[in-house]
């Protein structure tokens, strides 16, 4: 071979030899190289010969040279002569670079392949020549070929391309169009599977090199990222309307107060303090006020998690607008955030000038976008440190004379306060000093922005005494604006800290608040006085005694204006209280007081004689007008309370010597708002009368307002252990309220040694039947006789009963036989008014399985524990104190001595008679049963329908383990949902609606309005009553399907009217959901066919609402019902079909998170039943998990992490599971392994 190599070299150098001869000689030697060993002496002549051939201008000879060179390099590689390859390559690279820029594509590709063949032996040299010379050279063809080569080497050999990204980005702006297109495709290919950090660096490179927007957008959209040019980050803010500036102070800081909610059932929060929209409730007075929103900035981002102190509360959020929305900016590392802060620091140095104010505005907008993004949550420590470093610049911006720049700074501070909450406590001092001074600015817009910012900060950070000291300083300011704004700030603190009065009282803040209120009520400016009046009544709701002292010290004119203030919802109580205090004055006598009382009595009696007729849909009878307002709360166990009427006390004014104007036309006392029509009726409670021996089970008669009554405070003797679904029982301090949406299956207490084993005859005497005049949601006064229907008797025959006190099994009555699949509803006991100890009642097997751990009979299912969250308003069952025997007892005792039977509501269309526990109230002339809004529910609902409110399940329902869809829910939101759902039961039906023919016509017309979206809230409620009353509707499969499909479409439909108040559309959607749940209850068999469709509608509807909306609890509850009863494979396919086709958006992550938790619950159910899915379904689930593990939303990632352990159990094969779920780009194996192994069953 040595001789043939030398001969070939001579042939190629001879110019007289034809090209064909040279090509033939080269081909022969190539064949020999492929088959034989190449000696060392022949290496140099061969390389020289091939270089001559490649350099030839003849295509055939050049192509043959490339081919022979490739075979030679492969042969030498097999012979492991890498040093010889590297040595000869140094003399070959320049020639290959020239050919890399050849105008023929074939030659360029062969040259690139030659570099590829050299790369294993001399990678550094090859990269230097191709990527360090050709890529940055001037030859466009060489650039194009080198980029293609880079993509190929990265794909096949794992070449690290990071250091060549700047050169690639430079090529994106090359003058040659082909180079630009190749560069774009190369960048997309290289970064297609790159980590987020690399994509972030690419964004910076694109911005630094000023790559045209079309190219950058195309690249980033292909990579799933986005970019916003710096020029677009600065935006001018819309000025606030003049009406917002000139409004009186009473319009500021009137926010509703609500209990902070915990986490949701299906959608867990990212942080413990996330997204609390409202503040805790203080008094029912604030519930009936309409509260105007304040101008400012709205935020929908969750707040920071933090360690809450005893004085701190979750950060509330206001529904305000700043004129323009801000697009969130997401970062991938804390270093990226630090770099951003470092770049904007120079812009805030020195004074504001024409050169730097635009840069400052851009920086503020960038900080707002970062605050809206993931920086405060994922990198909290670095975010707070960065904000602290630029805080001085932010305050400079807020105090700028440029209105736009000042507004931007204020909006940023509001965003920070809402997002971080108590985490910014160390900065509050300096912020309040600057912003209170800003609120005194001459520019109304600037002053208003300062006011709103101070209010937002106060409403979101932890309370300290220094905050009140700053407000006290504002109350003493010489400018009117800070004094006027201070009224709203004080009210915010009172409302927010109302449930935690100790933090204010123990720090001396109460004295400061009193000083502020006194100074405000006596301020020379009428606007300040008007604003402070509203603050005074908020103060009155929390500290009524201290407020009485302040009010008694006012002048008569000021006191009169204060009592007539619109914010005064305690007018009756306050007027009477102060009238009583005036009664001790010398000019007030007992005779005048008696005359006033007698005149009021006569007026009431005369008015009650001519009571106008009322429509049945409102209320069939009028309640006593004395129950119009609740009695005020007192801290002692028994309190003396004046019961007010709803009318204005014209005679009360005569008790004072002050001259009074003639009163306006008085309200008719008999037209008190009925309980069924009062939207706030569910929030009011009436204190039971202790002296009454026989009273209604829901309320007791009250004395006239002229007399004093003593109301003992009843306590809850038996507390149910908290489930993980609820964190606190919804029981007021005054009395226990019955939640109309849920009937508790209470934990029975142990029998004392002196208590009997059976219900005494006197206790059994307190049984009443439902009055025919009442609707199926209420109790009423009992008649004196009971007729027990034979059918109702047979329905309960043979049901095993337990001892009344000790819960031991008793022999079944021969007249009773078990009902298959039916569950009797547990009754409720109430504590008697005279304090008699409670007695037990018979309970069903399903009820006994949920008794306390001290009396175990059946194992409590995990599903039972998760069902208990709506039952926190109920106390342990008790029987009232005994009264005289009645014929009712004889009827009961004749059937089964020692056993208390409970039947269904006689007014219900599904039953004949009903016997319930209650007090017998003897009717006297001139008195009637009062219909109070908070009353007991009927004890027995349909026994053929499993009732989630009683923790009952069908016998065939498997026991489920706690599922991720049952994570702790928001107490406040769930309570509101329960109130909404339960309130739909307290409605009567008109005679026209009871006619089946007319009802069918109304159903048809209502269905048409549902489809067009024209049905209002009251229409939905009437529609629900029609469905509940007429069984024929639920039994007609066609009609049932039409109604259900229309309701599901209405539930999925997004809110189209953006200009309307959000509460109206939310109320409509709530009624739609209540109607769907009603369809589920009345016909579960027909509803079961639509489980997949209903589940997809629920997930689609979840997309439209924040986690804090109470409708979310209803959606989650409905999903739980379906999970426990459906065919899992069908529902899984429906959910995956929905989520796989859903377009990714900012709101769609809510659907994905909820769907993931539902899938987790379905898989858990299958795993517990030892049922497995097909391979195709498992692959779909694995693909779903793999795609969403890389989601940018923390809620989605958390849901998928909870979903993966259930999928792991379902797949069974560990290798198959990791091949489905794990990603080649990012290894999730350690994270998922941790969560799989930390489960209780694995640890145990």
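A Cβ is built for glycine as well, from the same backbone N, Cα and C atoms used for every other residue.
For the repeat 'HEAT 1' (87-124), the model's average pLDDT works out to 91. Here Swiss-Prot flags 87-124 as repeat 'HEAT 1'.
For the repeat 'HEAT 2' (159-196), the DSSP-based tally of helix, strand and coil residues reads 26 helix, 0 strand, 12 coil. The feature repeat 'HEAT 2' is assigned by Swiss-Prot to 159-196.
Positions annotated as compositional bias 'Low complexity' by Swiss-Prot: 232-243 (among others).
Here Swiss-Prot flags 232-326 (among others) as region 'Disordered'.
Here Swiss-Prot flags 261-271 (among others) as compositional bias 'Polar residues'.
Here Swiss-Prot flags 287-312 (among others) as compositional bias 'Polar residues'.
Residues or ranges marked as region 'Disordered' in Swiss-Prot: 561-758 (among others).
Taken from Swiss-Prot, the feature compositional bias 'Polar residues' applies to 574-591 (among others).
Positions annotated as compositional bias 'Polar residues' by Swiss-Prot: 607-622 (among others).
The compositional bias 'Low complexity' annotation in Swiss-Prot covers 652-663 (among others).
What Swiss-Prot lists as compositional bias 'Low complexity' is 690-703 (among others).
The feature region 'Disordered' is assigned by Swiss-Prot to 795-998 (among others).
If you look up Swiss-Prot, you'll see 837-850 (among others) marked as compositional bias 'Low complexity'.
Taken from Swiss-Prot, the feature compositional bias 'Basic and acidic residues' covers 863-872 (among others).
What Swiss-Prot records for 979-998 (among others) is compositional bias 'Basic and acidic residues'.
Swiss-Prot lists 1038-1075 with the feature repeat 'HEAT 3'.
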* Structure fact -> What DSSP reports for the repeat 'HEAT 1' (87-124) is 28 helix, 0 strand, 10 coil
* Structure fact -> Across the repeat 'HEAT 4' (1126-1163), DSSP labelling yields 30 helix, 0 strand, 8 coil
* To do: Using a Cβ cut-off of under 8 Å, list the residues of the same chain at least 6 residues beyond the repeat 'HEAT 2' (159-196) that approach it.
  => 127, 131, 135-136, 140, 143-144, 147-148, 150-151, 153, 202, 205-206, 209-212, 215, 218-219, 222-223, 332, 1224-1226
